[in-house]
Amino acid sequence: MGLFDKLAGWLGLKKKEVNVLCLGLDNSGKTTIINQLKPSNAQAQDIVPTIGFSIEKFKTSSLSFTVFDMSGQGRYRNLWEHYYKEGQAIIFVIDSGDKLRMVVAKEELDTLLNHPDIKHRRIPLLFFANKMDLRDALSAVKVSQLLCLENIKDKPWHICASDAVKGEGLLEGVDWLQDQIRAMKT
């Protein structure tokens, strides 16, 4: 670590690093959301389904995020739990237009919340009710009701309506997450 890094750390100017898990069913928009949060010169032009997981980084005014973009395909979801201990926050993405798989999303969320590495931690949960641009998309309120988010009493959580392709609703969510993480670190 160089002199400038040490000085910045002492003065509180160095960005705090935080590990975030990005979870949700396949085709919910996880990778597209993460891509939109990166600087425009670092964004991928083509988004392909994630196999296993990928690691992406982006920064806000006060935090440096390392995001574990976990595949939502059924055969890879069992990998999620291997990263729970490392996560300091969770982004859970839901396809608001996929009413048929809302039950599966709820089952995966319940499994996550009841896992020993998550259950007793006060870890912030950010939900993106994604694909709001679709004509028959469920509202964020309806998604919240179907996932029974009101039953989450021991963790801070927030849900945002989003359109990952256009980037709508993403900054609101990341701002909330940043505030939660900063509050935990003080």
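Using N, Cα and C of the backbone, Cβ positions are placed for all residues, glycine too.
It should be emphasised that the depicted structure is a prediction, and the values quoted were computed from it without experimental measurement.
Per Swiss-Prot, the features are:
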LIPID     G2  N-myristoyl glycine
BINDING   24-31, T50, 69-73, 130-133, A164  GTP binding site
BINDING   T50  Mg(2+) binding site
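Just so you know, of the binding-site residues K30, K131, the Cβ with the fewest other Cβ atoms around it within 10 Å is the one at K131.
Candidate binding-site residues: N27, T50. Fewest other C-beta atoms within 10 angstroms, N27. A coil conformation is recorded for G72 (GTP binding site) in the three-state DSSP classification, outside any helix or strand.
D69 (GTP binding site) counts 22 other C-beta atoms within 10 Å of its own C-beta, drawing on all protein chains shown. In this structure, the CA atom of N27 (GTP binding site) is 9 Å away from the CA atom of T50 (Mg(2+) binding site). When secondary structure is read from DSSP and collapsed to three states, K131 (GTP binding site) falls in the coil class. Take the CB of G24 (GTP binding site) and look out to 10 A: across all protein chains shown you find 24 other CB atoms.
Note on G72 (GTP binding site): other Cβ atoms within 10 Å of its Cβ, all shown chains, come to 25.
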